[in-house]
Amino acid sequence: MSDISDANKLKHRFRGYFPVVIDVETAGFNSQTDALLEIAVTLLKMDDEGLLGIDKTLHFNIEPFEGANLEPEALAFNGIDPTNPLRGAVSEKEAFLEIFKAVKKAQKASDCHRSIIVAHNAAFDHGFVSKAIERCDLKRSPFHPFATFDTATLAGLAIGHTVLAKACIMAGIPFDNKEAHSALYDTERTAELFCHIVNRWKQLGGWPLLAAGESEDADGEE
């Protein structure tokens with residue numbers, strides 16, 4: 001990076017990775033057997049000052065794949081009725097084709113070379129997303145196959161709490177527990193939390209890093 005304006009570009013902030021915030025609601029914990037029922041995807045943008053913010057969110061209710069397991073306890077927890085026609089559910093393939101299209105467009109606009117999933121307890125969401133992509137036999141996924149940014153871990157470090165609701169409140173982000181466990185609501189709160197942590201780190205002087213030459217110059221100053 002040649003100057004601060006370069007450091008304030010999204011393509012330089014995460015080594016060319018474009019962060020995509022995702023939340024899923026499912027019919028259980030097993031990504032191989034349990035249905036993916038809902039997914040929301042929040043795309044981010046960076047302003048001229050290098051501050052990260054929400055761009056837009058996509059949301060889909062998903063039809064359970066053929067033969068999917070539906071755990072009653074999971075459905076009771078998230079309140080989803082997979083048989084309700086008012087859900088307007090689409091197939092996994094239809095949803096992910098739209099997601100791929102939007103993510104790749106935003107990734108290209110930011111001059112990034114790949115996207116990386118951001119999620120709260122990211123291994124869970126990444127597992128369900130990866131398995132759905134595999135089931136649909138979709139090629140050229142924009143997402144890194146294993147790397148993620150986990151906001152539970154980041155919040156534990158930066159804020160001192162790993163629970164999404166608690167971390168948001170401690171960060172000054174309103175959180176309504178009555179709206180929680182909706183993929184749309186949780187994704188946008190997760191996105192706000194991720195942006196807060198990234199921006200706070202910048203405001204505290206953690207980014208951009210000083211180049212080696214700049215560091216030596218600073219050490220020599222009285």
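Placed from the backbone N, Cα and C atoms, the Cβ positions cover glycine too.
A coil conformation is recorded for HIS181 (active site, proton donor/acceptor) in the three-state DSSP classification, outside any helix or strand. Residues or ranges marked as active site, proton donor/acceptor by Swiss-Prot on the basis of sequence analysis: HIS181.
Neighbour count (other Cβ atoms within 10 Å of the Cβ, all protein chains): 27 for ASP23 (Mg(2+) 1 binding site). As annotated by Swiss-Prot, Mg(2+) 1 binding site applies to ASP23.
Under the three-state DSSP scheme, ASP186 (Mg(2+) 2 binding site) falls in the helix class. Proximity of ASP186 (Mg(2+) 2 binding site) to non-local residues of its own chain (separation of 6 or more, Cβ distance below 8 Å) is seen for ASP23, ALA40, HIS120, LEU164, ALA180, given in sequence order. Positions annotated as Mg(2+) 2 binding site by Swiss-Prot, on the basis of sequence analysis: ASP23, GLU25, HIS181, ASP186.
Note on the domain 'Exonuclease' (20-194): its mean pLDDT in the predicted model is 98. The feature domain 'Exonuclease' is assigned by Swiss-Prot to 20-194, with sequence analysis given as support.
What Swiss-Prot lists as site 'Important for substrate binding and specificity' is PHE29 (among others). DSSP assigns PHE29 (site 'Important for substrate binding and specificity') to coil in the three-state reduction, outside any helix or strand. A simple way to gauge crowding: the CB of PHE29 (site 'Important for substrate binding and specificity') has 13 other CB atoms within 10 angstroms, across all the protein chains here.
Residues annotated as site 'Important for substrate binding and specificity' in Swiss-Prot, with sequence analysis given as evidence: PHE77 (among others). Within 10 Å of the C-beta of PHE77 (site 'Important for substrate binding and specificity') we count 11 further C-beta atoms, all protein chains included. For the recorded site, PHE77 (site 'Important for substrate binding and specificity'), the DSSP three-state label reads helix.
Non-local contacts of PHE124 (site 'Important for substrate binding and specificity') by the CB criterion (under 8 A, 6+ apart in sequence, same chain) comprise VAL24, PHE29. If you look up Swiss-Prot, you'll see PHE124 (among others) marked as site 'Important for substrate binding and specificity'.
Reduced to three states, the DSSP call for PHE146 (site 'Important for substrate binding and specificity') is strand. Around PHE146 (site 'Important for substrate binding and specificity'), the same-chain residues six or more apart in sequence whose CB sits under 8 Å from its CB are HIS126, listed in sequence order. Residues annotated as site 'Important for substrate binding and specificity' in Swiss-Prot: PHE146 (among others).
Same-chain neighbours of the Mg(2+) 2 site beyond ASP23, GLU25, HIS181, ASP186, judged by a C-beta within 8 angstroms of the site's C-beta center, are, in sequence order, VAL24, GLU38, ALA40, ASN78, ALA180, SER182, ALA183, LEU184, TYR185, THR187.
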